[in-house]
Amino acid sequence: MAADEFLWGAAALLGLVVGSFLNVVIHRLPRMLEAQWAEASHEQAPDNPPPLPATKPYNIAVPGSHCPHCGHVLPWAEKIPVLSYVWLQGRCRQCHAPIGWRYPAMELLTAALFAWSFSRYGLSGAALAWAGFAAALLTLAAIDADTTLLPDAITQPLVWAGLLAASLGLSDVSLPTALWGAVAGYLFLWSVYWLFKGVTGKEGMGQGDFKLLAALGAWLGWPALLSLVLIASITGAAVGIWLRVRQRLPEDGYIPFGPFLALAGLWVMAFGPLPVLPV
């Protein structure tokens, strides 16, 4: 028992560190993609305004962690997951600008999911695989909530990782089940997209949602797809109605579907498909 508790604690600590890294990815990856798109747009259509010249390198690793308000470079003592947030009382030590609550929340969620993965699968490749799957879903949910983007840089590798995990026996589904899950997941939302657009003339979702459901199908198998879509749709509708009632969502506004797909993926990962549905 003591060995199990040590493993869970070590997994949680690893999750805190990974969660801190995910916060960096969530903040920087969309900005990196926007810069790449601006450059590509200018190359394809020279009449488009050129992107602003980069004065300094900007990627996941560079520059070092800093306050986005004043540029204060964070020393190691201000980068300790959760503890630094509590110590600084949720504010930058230099300019006292508030630090978003999502930073420690992401770290704690990742820690909890890592601890769950290792408690269920022990010290194994399967535990690492499912922990990585959960971390990717958290990242995608946060980026989509912020920007309505589901980056191909995460969704596409997640599909292939699910198929690889199935082929190596690291996930709970066979390779054929994972492969059909990826294909059916993509085609289902692709069909919904074109049906909705044909009827209304509007785009009801982004193409990143197709790829995310394909990734969920690759990891969880085709029998889980109905549960995934139902959970995501019900929770998304409930949140949308609540926002409308609270007058926090305009009549022509919409909320991204990706966070609810990610939530559904985490639910099915932990608890399995809905018991009332055939699997």
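Yeah, the Cβs are placed from backbone N, Cα and C, and that goes for glycine too.
Those TrEMBL annotations? Automatic predictions, nothing curated.
Taken verbatim from TrEMBL:
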TRANSMEM  6-26  transmembrane segment
DOMAIN    13-120  domain 'Prepilin peptidase A24 N-terminal'
TRANSMEM  121-143  transmembrane segment
DOMAIN    133-241  domain 'Prepilin type IV endopeptidase peptidase'
TRANSMEM  149-170  transmembrane segment
TRANSMEM  177-196  transmembrane segment
TRANSMEM  216-242  transmembrane segment
TRANSMEM  254-274  transmembrane segment
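Non-local neighbours of the transmembrane segment (177-196) in the same chain are 159, 162-163, 165-166, 171, 202-205, 207, 209-211, 213-225, 228-229; each lies 6+ residues outside the stretch with a CB under 8 Å from one of its CB atoms.
By number of Cβ pairs under 8 Å, the transmembrane segment (121-143) is matched best by 149-170 from the list 6-26, 149-170, 216-242, 254-274. Summarised by DSSP class, the composition of the domain 'Prepilin peptidase A24 N-terminal' (13-120) is 59 helix, 4 strand, 45 coil. Counted with DSSP, the domain 'Prepilin type IV endopeptidase peptidase' (133-241) comes out as 91 helix, 0 strand, 18 coil.
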